[in-house]
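Structure first, commentary second.
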Amino acid sequence: MMNEALKKLEELLDKDQFEKIKAINNPYLHSFLAEWIQWLEPSKVYVCTDSEEDEEYVRWKALYYGEERMLEMVRHTVHYDNYYDQARDKQNTKLLVPKGTNLPFLNTMDREDGLREIREIMKGIMRGKELFIGFFVLGPKNSVFTIPAVQLTDSAYVMHSEFLLYRKGYEEFKRLGPTKNFLKFVHSAGELDERKTSKNLDKRRIYIDLVDETVYSANTQYGGNVIGLKKLAFRLTIQRAVREGWLSEHMFLMRVNGPNGRKTYFTGAYPSMCGKTSTAMIPWENIVGDDLVFIKNLDGVARAVNVEIGVFGIIEGINQKDDPIIWQVLHSPVEIIFSNVLVKDGKPYWNGMGIEIPDEGENHSGKWWRGKRDAEGKEIPPSHKNARFTVRLEAFPNLDREALENPCGVEVGGMIFGGRDPDTWPPVRESFNWDHGVITMGAALESETTAATLGKEGVRAFNPMSILDFLSVHIGDYLRNYLEFGRKLKKTPKIFAVNYFLRENGQWLNEKLDKAVWLKWMELRVHNDVGAIETPIGYIPRYEDLKVLFRQVLNKDYSREDYEKQFKIRVPELLAKIDRIWKIYEPIDNIPEELFQELEKERKRILEAREKYGDYISPFALEK
């Protein structure tokens, strides 16, 4: 017998589209779709299966509706967002929680109020528009990591982006049958202006219902606000991971190639502008993913998968010299959506690309010319600093394809936390153990704000595990889950911290590619192939080992003087950091006691070393 929701869907959909939904035996899905199709009132509905025809239909519709335009290179298109819709809207992104829920640092709203408001905004918002329904999975299909998700959107650009970024999941939904275990995303770009960008930005809302695992976004097109399975799903999967005892992390996943063909996998969490992409893209190593991972305990071993199969990357500053692989991908005839870049004669241009940029063209502000100013009198650059490219990982020659598709994931040899400061953390170090690494490296992560982030330059932004913007649970619960996850493993990944941004007298102490050496050292440490120097803050490399690696990896000399400058233990700065981190956590209830214990032990070790060696300690003094 057909359930009520299915009957309703039969009325609402064309026969072909209805048959696609009917083939999925899931009454929970049927009632969700029936409710929202009625509420949104689209004039047409298209259901995407896993077929190439459906993907082609979406590509065509993105062009037909004017949300994307073709560029000169085959398979390349450009999309523009509203001039004032160019980044994640933190103010209007809210977690909907039951009354009385307290989540420090997070932007929350009473669930009943939030649902009432978003429903009001979205009532009939798709009149005269086409609704696309897409099915996807996070993580590999048919695996212990798989999380199914359904996306409703009136933007062909959003659906096109998700086809590039995620594994298709229609067949997976059919296989799973009547499960409630799927994530739900409802998006409308709202009314569009003549450039086909969202018009009613005053009604822009991104509401994340943590109870029903559903995200609603309205009157916005910027990827971070609307690509449901990206950072919106991330908040839902963090909550799920903490509840179920695994990790959902804002990390790259890469393979570092060791001696004799050995493959070692690392995850890495770095706040923006801290070197995450450039680390994951070192030409002679291999990428598995650049942004989001799931890590689970399988038979006592931490194993990780890339949640995605594509890259939604910042294009600013990508140039041939520093980013040869990405540059090559962006100039090859693979399917790419460029967003908010300058276009002239069908070619895309962006800030910092290292070649001459035309003096006029079209960009996110419309018709553009050099010196053009916006309504606030600010000069408009050729491309927006948050301009993006969306492309499948299979386009990258350095992709580790086997690791990307392995349903069991890959063993995590090491986890890297990458901060940014001019004077505190050494370039690379290893923690004493899991708890020490989680607390003094991950939970204490800071990045000095740069010109590229809003706010004052030179301020240290606290960003534990680089996850603060996306956290959806109490930070104490999140950290407790992290600590417990490691304790349950038979084989614990090593934890490392890196900092590529040390300065002395205004000069950088490291060159851009030095990070390639730190990776090789970490790979050797995972397998205990080299020794290390014990310091109050963890293990650092020995000069002799780095000297060999600099010659092997970069074919250059590495002086004792450089080593000493980079790896000296900076006592006053390290103590100041412990005080800063302590003060942030101290007023918050429900923080694991281990956090304060680890910080106190670290402080004690640093003070003891100061007694013996003074404020600035040469690594040679500590070498036993």
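Placed from the backbone N, Cα and C atoms, the Cβ positions cover glycine too.
Around Gly224 (substrate binding site), a 10 Å sphere centred on its CB holds 20 further CB atoms from the protein chains shown. Swiss-Prot lists Arg88, Tyr222, Gly223, Gly224, Ser272, Asn386, Ala387, Arg388 with the feature substrate binding site, giving sequence analysis as the kind of evidence.
Asp291 (Mn(2+) binding site) falls within neither a helix nor a strand when secondary structure is assigned with DSSP, and so counts as coil. Taking a C-beta cut-off of under 8 Å and a sequence gap of six or more, Asp291 (Mn(2+) binding site) has these contacts in its own chain: Lys230, His250, Met251, Phe252, Val307, Glu308, Val311, Phe312. Swiss-Prot lists Lys231, His250, Asp291 with the feature Mn(2+) binding site.
Taken from Swiss-Prot, the feature GTP binding site covers Met273, Cys274, Gly275, Lys276, Thr277, Ser278, Arg388, Arg420, and the record attributes it to sequence analysis. The C-beta environment of Thr277 (GTP binding site), restricted to residues of the same chain at least 6 apart in sequence and closer than 8 Å, consists of Phe252, Asp290, Gly313, Ile314, Ile326.
For Cys274, the entry in Swiss-Prot reads active site. Taking a C-beta cut-off of under 8 Å and a sequence gap of six or more, Cys274 (GTP binding site) has these contacts in its own chain: Gly418, Gly419, Arg420, Ser447, Ser466, Tyr500, Phe501. Secondary structure at Cys274 (GTP binding site), as computed by DSSP, is coil.
Binding-site extent for substrate: residues Arg88, Tyr222, Gly223, Gly224, Ser272, Asn386, Ala387, Arg388, maximum pairwise Cα distance 18 Å (rounded to the nearest whole number). Here is what falls inside 10 Å of the CA of Lys231 (Mn(2+) binding site) among the binding-site residues Tyr222, Gly224, Lys276, Ala387: Gly224. Put simply, Ser278 (GTP binding site) is 11 Å from Ser272 (substrate binding site) when counted between their Cα atoms. Arg388 (substrate binding site): 26 other CB atoms within 10 A of its CB, across all protein chains. Within 8 Å of the centroid defined by the CB atoms of Arg88, Tyr222, Gly223, Gly224, Ser272, Asn386, Ala387, Arg388, the record's substrate site, lie the Cβ atoms of Gln86, Ala87, Phe312, Ile314, excluding the listed residues themselves. The highest number of surrounding Cβ atoms within 10 Å, among the binding-site residues Met273, Ala387, is found at Ala387. Rounded to a whole number, the C-alpha distance linking Arg88 (substrate binding site) with Met273 (GTP binding site) is 16 angstrom. Same-chain neighbours of the Mn(2+) site beyond Lys231, His250, Asp291, judged by a C-beta within 8 angstroms of the site's C-beta center, are, in sequence order, Lys230, Phe234, Leu292, Phe470.
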